[in-house]
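Now, the feature entries from TrEMBL:
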BINDING   Arg28, Gln29, Ala30, Gly31, Arg32, Asp78, Tyr155, Thr210, His328  substrate binding site
DOMAIN    23-32  domain 'Uroporphyrinogen decarboxylase (URO-D)'
DOMAIN    143-159  domain 'Uroporphyrinogen decarboxylase (URO-D)'
SITE      Asp78  site 'Transition state stabilizer'
Amino acid sequence: MSHSLVNDRYIKATLRQETDRTPIWMMRQAGRYLPEYRQLRAEAGSFMDLCTNPELACEVTLQPLRRFPLDAAILFSDILTIPDAMGLGLYFTPGEGPAFKKVVRDEQTVKALPIPDPNQELKYVTDAVSTIRRELKGSVPLIGFSGSPWTLATYMVEGGTTKNFSEVKGLMYENPKAMHMLLDKLADSIIVYLNAQVEAGAQALMIFDTWGGVLTPHDYQEFSLRYMSKIVDGLQRQKDGQQIPVTLFTKGGGKWLDLMAETGCDCLGVDWTTDLSEARQRVDGKTALQGNMDPSLLYASDDRIREEVETILASYGHGSGHVFNLGHGIHQTVNPEKAGVFINAVHELSKKYHQ
Ligand code: CP3
């Protein structure tokens, strides 16, 4: 397998090396806003049928790259593959999001959870990674990913999507020992899972901490950040002489970027509630930054989108270390043409920040 990339802007920017313009990819860039995705999902049967078939997962990964000049591909999968592989029985109900047949609410259940073998129960994921790597033919890097321990725990304890996190916070406050045991087991599972993705060909890694921002500052450090830090320490950070950059993203974690930077990760994702200028001060040269346009700007006029891109580029300012992205996943009702306007604006307007 060749390791040289035709377009390595994403890798360089996450490592704070100079590029000719700011690289861009979009969270959830493969998905329901694309008609070709909806068609393939209908043919396959369901979302999980796409995820578990490496050829289809590869095809879906490549769909946005055929439309748009993106600087990175992201593995088409889900963060809930790990709890599913632990035996919880993941399923999706239209309009209600993900859910599990079994929940985890006591110490005994936590103790009985297995650490999934990435080469057995999760082999469909590493097979998808190697298939995608082959088909990308070195054009752009492939990002592998997982959820954070805290975010996975919220789904496992609640049994699905939740409004006020009563079950998971209840367990955290009533039985912190059981919660720590669960988070530690998840961290160990994620380390072997992500290292297996690297082994299969992932050239960068990202950890999605979608629900870290619902915690108090103290609890964030104890129940979320501590375990992401453990993962960063356990990851393979180099392969065949190439660095494997690691990005951490806590939605709503703008106030904690300085603490997150201390984990030794390479890049931090930022949502739209924090200005990149402030984020850049907070990380003080320790990491690159990824973000952070509000995904709802893609409902605005082309001119308004370009104006927002300019504002964000100016907020980050000159120099290396910025990966442009949305501040969260693209919404399913966005017109794909708007994504094209957004991506082209980043290409055009970012050049002057790299001279
Ligand atoms: O970014 C990408 O293009 C890669 C693929 C990807 C998916 N999910 C595909 C997906 C990634 C990186 C994820 C991560 C993920 N999954 C997160 C973290 C990121 C975030 O958005 O905060 C979370 C919290 C999940 C859990 C999950 N999976 C949710 C909440 C949903 C939506 C459920 C719904 O019905 O709205 C999913 C399903 C899912 N994952 C879809 C996609 C494209 C939609 C499934 C479909 O086709 O119906």
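Note that Cβ sites are derived from N, Cα and C of the backbone, with glycine treated the same way.
Those TrEMBL annotations? Automatic predictions, nothing curated.
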Exercise. Against which stretches of its own chain does the domain 'Uroporphyrinogen decarboxylase (URO-D)' (143-159) lie, if we need a Cβ under 8 Å and a gap of at least six residues from its ends?
Worked result: 10, 25, 72-75, 77, 79-80, 82-83, 86, 88, 98-100, 103-105, 129, 165, 167-168, 171, 179, 182-184, 186-187, 190, 193-194, 197-198, 202-212, 215, 223-224, 227-228, 231, 248, 250
Exercise. Around His328 (substrate binding site), which residues of its chain at least 6 apart sit with Cβ under 8 Å of its Cβ?
Worked result: Met27, Lys251, Asp271, Trp272, Pro295
For this session: Round to a whole number and give the Cα-to-Cα distance in Å for the pair Tyr155 (substrate binding site) and Asp78 (site 'Transition state stabilizer').
Result: 13
Exercise. If you count Cβ atoms within 10 Å of the Cβ of Tyr155 (substrate binding site), leaving out that atom itself, what do you get?
Worked result: 26
For this session: Would you mind reading off the Cα separation of Arg28 (substrate binding site) from Asp78 (site 'Transition state stabilizer'), to the nearest angstrom?
Result: 10
For this session: Calculate the distance in Å between the alpha carbons (Cα) of Arg32 (substrate binding site) and Asp78 (site 'Transition state stabilizer'), and round it to a whole number.
Result: 14
Seminar exercise, completed: CA pair Ala30 (substrate binding site) / Asp78 (site 'Transition state stabilizer'), Å rounded to integer, equals 12
Problem set entry | Pairwise Cα distance maximum in Å, substrate-binding residues per record: Arg28, Gln29, Ala30, Gly31, Arg32, Asp78, Tyr155, Thr210, His328 | 23
Seminar exercise, completed: For Ala30 (substrate binding site), the number of neighbouring Cβ atoms whose distance to its own Cβ is within 10 Å equals 25
Seminar exercise, completed: Around the Cβ of Arg28 (substrate binding site), other Cβ atoms found within 10 Å total 17
Exercise. Looking at Cβ-Cβ distances, which residues of the chain lie under 8 angstroms from Asp78 (site 'Transition state stabilizer') while being 6 or more apart from it?
Worked result: Phe47, Cys51, Leu90, Pro98
